[in-house]
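Asks: Pasting in a structure now, in structure tokens, and then I'll have a few things to ask.
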Amino acid sequence: MSEEVSKRVEEEADTPGLEGQSDDSSDEGDASGDTEMDFLRSLFSRTLGLSPGDKVLDELTLDSVARYILSGKCKNIICMVGAGISTSAGIPDFRSPGTGLYANLQKYNLPYPEAIFQIDYFKKHPEPFFALARELYPGQFKPTVYHYFIKMLKDKGLLRRCYSQNIDTLERVAGLEGEDLIEAHGTFHTSHCVSFLCRKEYSMDWMKNQIFSEEIPKCDSCGSLVKPDIVFFGESLPSRFFTSMKADFPQCDLLIIMGTSLQVQPFASLVSRVSNRCPRLLINMEKTGQSEFGMGLFSFGGGMDFDSDKAYRDVAHLSTCDDGCMTLAELLGWKKELEEMVKREHALIDSKDAKKTDKEASQSSKSAVAEAEKTDKTE
């Protein structure tokens, strides 16, 4: 402890109100302990410059968050998103009982559900992962309302960054660029040979062709497995996650958390990296992130606090992600614009898919004709 902090501890220990605590009863002893802990938290918060300061939100409601966004004081929004933002696109989340991904993997005969995303298991038994990838491959789904809401934040100059746990690339399909995104758990956008001596890179189209031809992707240079650049259990997160985190979160003036259970570290602990004045909005089916992430004394309110008497910046809006986004858009006066964006972009995707289907059908027809002509000549 520094000399300055030690001095302040001694000075504030003499503060009236901390003297004369009685030990006559266990209740009074507990109260004394709570008071001393509150005192220490307060002291370290002030000493390290982490005290809440003035409230930014006038009330802990979605309406207040909307007013804050419209005030002009909110210019660096960070979005933290998980699988819940993609469920309305038809992509299952991981943990929902009965419908989540982990609850529906019995057909792959795994030793346990998480094995399908463990790097050691994948290297020995890649078949279950690639079978699942055929079912969930990016490009089979359309972005949701929330994906386009993030794009709208970018278009309005309000988005600092989107930190995503998802590997479905729907943020990119919705119009976000690589610089707008931190894909914390990786992406299907690129793939690499798993051999440390090779590491040859492959495109998304190459991987897609391999997966839908029902072949196990192998490197054409060394013969090793090729794996999409998603982060498996047992692998490190992308280095950009850590470098961007240090630059982004101190600048954040509104954190929007959506569709994540906040159970997977280190992603979950990002909520504690914004300043203590920064409002945090959770849009989810249930409240989450309320633990202190094991930070003990130095957890200066790092966990979400929606309901206590000391709550001052955390807002929970319990709904589906799409409904919550549309409600917020309406409060911001952006609802019609968002609805039109979703309709327009989905129509473009349908048009591209139709052209692609026609092209594939034409190529298939030409191949069939060529094969028939070849057969006729042979006969």
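Keep in mind that glycine also has a Cβ here, set from the backbone N, Cα and C atoms.
So Swiss-Prot lists the following for this protein:
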REGION    1-32  region 'Disordered'
COMPBIAS  1-10  compositional bias 'Basic and acidic residues'
COMPBIAS  21-32  compositional bias 'Acidic residues'
DOMAIN    55-335  domain 'Deacetylase sirtuin-type'
BINDING   83-87, 93-95, 165-168, 260-261, 284-286, CYS321  NAD(+) binding site
ACT_SITE  HIS185  active site, proton acceptor
BINDING   CYS193, CYS198, CYS219, CYS222  Zn(2+) binding site
REGION    349-379  region 'Disordered'
COMPBIAS  349-361  compositional bias 'Basic and acidic residues'
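Would you situate these features in the structure and describe their surroundings?
Replies: Confidence in the domain 'Deacetylase sirtuin-type' (55-335), given as mean pLDDT, stands at 87.
Cβ contacts within 10 Å of MET285 (NAD(+) binding site), excluding its own Cβ and spanning all protein chains shown: 16.
When secondary structure is read from DSSP and collapsed to three states, HIS185 (active site, proton acceptor) falls in the coil class.
In sequence order, ARG199, LYS200, TYR202, CYS219, SER221, CYS222, SER224, LEU225, VAL226 are the residues of the chain that are 6 or more apart from CYS193 (Zn(2+) binding site) and have a CB within less than 8 Å of its CB.
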Asks: Report the nearest neighbour of HIS185 (active site, proton acceptor) in space among the binding-site residues ASN166, CYS198, THR260, MET285, comparing Cα positions.
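Replies: Checking each of ASN166, CYS198, THR260, MET285 against HIS185 (active site, proton acceptor), the shortest Cα distance is to ASN166.
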Asks: Using the recorded Zn(2+) site (CYS193, CYS198, CYS219, CYS222) as reference, state which further residues of the same chain have their Cβ within 8 Å of the centre of those residues' Cβ atoms, listed in sequence order.
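Replies: Surrounding the site, in chain order, are VAL194, SER195, LEU197, ARG199, LYS200, ASP220, SER221, GLY223, SER224, VAL226.
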Asks: Using all protein chains shown, find which of the binding-site residues ALA83, CYS198, CYS219, CYS222 scores highest when you count other CB atoms within 10 A of its CB.
Replies: ALA83
Asks: Please report how many Å separate the Cα atom of THR260 (NAD(+) binding site) from that of CYS198 (Zn(2+) binding site), as a whole number.
Replies: 35
Asks: Return only the integer: C-alpha distance in Å from MET285 (NAD(+) binding site) to CYS198 (Zn(2+) binding site).
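Replies: Cα-Cα, rounded: 44 Å.
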